[in-house]
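Participant: Swiss-Prot lists these features:
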- 1-22: signal peptide (SIGNAL)
- 25: N-linked glycosylation site (CARBOHYD)
- 39: active site, nucleophile (ACT_SITE)
- 325: active site (ACT_SITE)
- 328: active site (ACT_SITE)
């Protein structure tokens, strides 16, 4: 097993044991969770920027504490919240661009992810959202604020002890590829994304982040909207898109292996593809009734403004669906995915 992976996993799961202790007054080993990426992790950064890609209105958030639509692209919590809570850091994490963010809120981490973003800079331009490069600029601003309010030692502590997660590529693969298809075929575009993702990791490491988890692409061809657009009358998964995601994952994993030898950071490749695909292919095994349609509206195409409080046919119980809208999983699915990943890594460590 790679020494970087052993180090990351030992560090990660010692924290899991520590934070699951009954003695909640013990100082948490991980001070903060800091996340970059897209709508899978976004907790509301798009709310106050000029983009159509928003979810701060019902029925989004209907299963969130207080039934508040916060700008999370789901019925409830998203993985960044679930991971933060699992690590004993916080029950939810704020968006960095949130208007109510106070200096003390910065200490447990923030979310820089912006729904609609991607590794390809064209992706964020097309959707008018926060690009990955701008997310890094905001991160530098965040570090400056930590230094201003809490001192240089606190900055070093957060950089060395926090978890940094990067979750992107879905919008690139599902949307921007069609614009780029004049320049690239599917495989070469996936490889272009790997170059961009690798450069992002290098820059994040150069800024001092020591513990970085990089998520794989997901089976985007099985998203309800992609089934509707490309799956034919039976709305099957669009395998050409899934194969592009698999090629991206393979090349990204290899690139990360190379980066582990070059960078001082601990790096781990988190493969979520098979986990989500198994839930989609075998929904009843996980307590779901519907996997090919979202809960909102008909479940076939509704997303963002098309998924609103007036949208007819919205299901009464989102926990019966793998997806909440035509692109994003329900909170129940996110909970299952997150805990399956934790169990997977724990088992891997014990081999």
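Including glycine, each Cβ sits where the backbone N, Cα and C put it.
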Participant: List every residue in the same chain as residue 328 (active site), at least 6 positions away in sequence, whose Cβ is under 8 Å from its Cβ.
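Facilitator: In sequence order, the residues whose Cβ lies under 8 Å from that of residue 328 (active site) (at least 6 apart) are 39, 40, 73, 74, 294, 303.
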Participant: Please determine which of the active-site residues listed here (39, 325) has the lowest count of neighbouring CB atoms within 10 Å.
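Facilitator: Counting other Cβ atoms within 10 Å of each of the active-site residues 39, 325 gives the minimum at 39.
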